[in-house]
Amino acid sequence: MEAAELRVGFVGAGRMSGGLARGLLRAGKVPASSIMASAPSDRNLGAWRESGCRTTHCNLEVLQESTLVFLATKPHVLPGVLQEIRPAVGPHHVVVSLAAGVTLQTLQRLLPAGTKVLRLMPNLPCVVQAGAMVFARGSGAGDGEAALLKSLLSSCGLCEEVPESYINIHTGLSGSGVAYVYLFAEAMAEGAVKMGMPSGLASRIAAQTLLGAAKMMLETGEHPAKLRGDVCTPGGTTIHGLHQLEKGALRATVMNAVEAATERALDMAKD
Amino acid sequence: MSVGFIGAGQLAFALARGFTAAGILAAHKITASSPDTDLPTVSGLRKMGVNFTVSNKDTVKSSDVLFLAVKPPIIPFILEEVGPDIEPRHIVVSCAAGVTISSIEKSWVISPGFLQTWCSVSAGAAFGTLIRCMTNTPVIVREGATVYATGTHADVEDGKLLEQLMASVGFCTEVEEDLIDAVTGLSGSGPAYAFTALDALADGGVKMGLPRRLAVRLGAQALLGAAKMLLESEQHPGQLKDNVCSPGGATIHALHFLESGGFRSLLINAVEASCIRTRELQHVADQETISPAAIKKTLLDKVKLESPSLSVASTSKVSLFTNKSPGGKKN
């Protein structure tokens, strides 16, 4: 599939699909005119229209107008939507589901046999092209589809193909992980406020600190433990601060969080 | 070269054992002294072929390198007792935790008999070379961890000589004195942390069905192997840990438990506590609050010196005194 003839559709126009679309647009991968989104009401569609995307209230129209289709509805709504669009799904379509907890097996069962189906789990920072996404391919999807998706979505951040079993882990780690980081940043800033810094400044510095640290991890490829050691002058401020974190068993608590979110994703998938 | 130990306890025993096993010293070149002949280490030292005596002065006379291997509060008494017998050519090594070089040098100066020598000889040559050392018990199996700091009058060669000696029984490096308390907390006390961990690991093994002996053996080997890997690797321990943890596997589950229990924090706390306590002890020593038992022991020692010595197995009668007795403590 040539990029030129690529027409991208979004069934569901909520935050997640909006984030992906914005990423694609900012990176210039797809012109707005080649993007169409559907939603039951106008509530979310205004922003799409303002960006120059096409909108509709008819899911079938998205299938008819697009070759690459993202299914971005709430999980409990999806089975009904699949029933609805099934007649319009053809061998030329690439269907990518964002629905948490809906397995490839379920998707393939509800779509025509042989449909190229993939399952994607993004996270919110896709909006600012700093997302972390994983996807798994169904039996009908081949290397070409995987490569297309990876190439398109790399414009939104890190995009990796994984076995389907990793998707729930990704949810616990990175989907929800963004919230953990916000919590941590807030706490860091609060500490600074306690010590006398204005909150706005503290917040911006906390965010930049996280950004910088993450950038160093990604760019150096060094183990975080080593990077941590590099910051710790003997007897200095950092090691004193770190000791407090260890006393609070921060590591175990974070592990617990990832575990809990992942288990919840698994539970929800069973429902 | 001959080596002497003032004190015949765990430290003297461990070092003597290590040196002889390393072949760097013959047992008969080692002398150890203590007023208490009932210590289990005393018979151990004798069995090794080390010269044991109750006379600290004899130890000083027959040694080139003199280890002060007594408990910290006793150091001032030792210095007062044998100070006059210490010559500029002696290398005096204090192993006492928390006892600073300056506190020893101060004690030296105030020893009345020694003061006379100090006045009559040029300042730099009056003192024996003083080195402060912190080692640990695994010197006994030649896997010790030793650091040393040199006193104001020590030559570079003296430090190197000690380093050679201690390197024969493990790792040895020179440090600035202000780091020695931290070293005490880490590697001085470290073997105790390890023994505690090993005891507990063995319990875990036994709980899950292993016979005790095997559990102890395997636990010890696991820690030994891990330590060796780390010492021989360029990698960060965090990376080495990752290498053992397969995704979703047994090890990562176990590690989660360790983290939940604040394992890392406990170890940090332990090193910190030991270091702080070492500094406290130094403070206590500086205030010269000595236990009555320690005073009694040194008095006992002085009494024994007046009577025929009990067992001086030393074959070497060569006197290292080249000058006259410096008007010191003649009993």
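Glycine too: its Cβ is placed from the backbone N, Cα and C atoms.
Quick look at what TrEMBL annotates:
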type    : residues                           : note
BINDING : A:Asn59                            : NADPH binding site
BINDING : A:Ala72, A:Thr73, A:Lys74, A:Pro75 : NADP(+) binding site
DOMAIN  : A:7-101                            : domain 'Pyrroline-5-carboxylate reductase catalytic N-terminal'
DOMAIN  : A:164-266                          : domain 'Pyrroline-5-carboxylate reductase dimerisation'
Rounded inter-Cα distance in Å - the residue listed as 'NADPH binding site', A:Lys74 (NADP(+) binding site): 14
Integer average pLDDT (0 to 100) for the domain 'Pyrroline-5-carboxylate reductase dimerisation' (A:164-266): 95
Cβ-based neighbourhood (8 Å from the centroid) of the NADP(+) site, residues A:Ala72, A:Thr73, A:Lys74, A:Pro75 excluded: A:Gly12, A:Gly14, A:Leu71, A:His76, A:Val77, A:Leu78, A:Val81, A:Leu98, A:Ala99
Candidate with the highest Cβ count within 10 Å, taken from the binding-site residues A:Asn59, A:Thr73: A:Thr73
The domain 'Pyrroline-5-carboxylate reductase dimerisation' (A:164-266): DSSP-derived helix, strand, coil residue counts: 86 helix, 0 strand, 17 coil
Spatial neighbours, same chain, of A:Pro75 (NADP(+) binding site) - Cβ under 8 Å, 6+ residues apart: A:Ala99, A:Ala100, A:Gly101, A:Val102, A:Met268
Surrounding CB atoms that lie within 10 Å of the CB of A:Ala72 (NADP(+) binding site), all protein chains: 27
Distant-in-sequence Cβ neighbours of A:Lys74 (NADP(+) binding site), under 8 Å, six or more positions away: A:Gly12, A:Gly14, A:Ala99
Where A:Ala72 (NADP(+) binding site) falls in three-state DSSP terms: coil
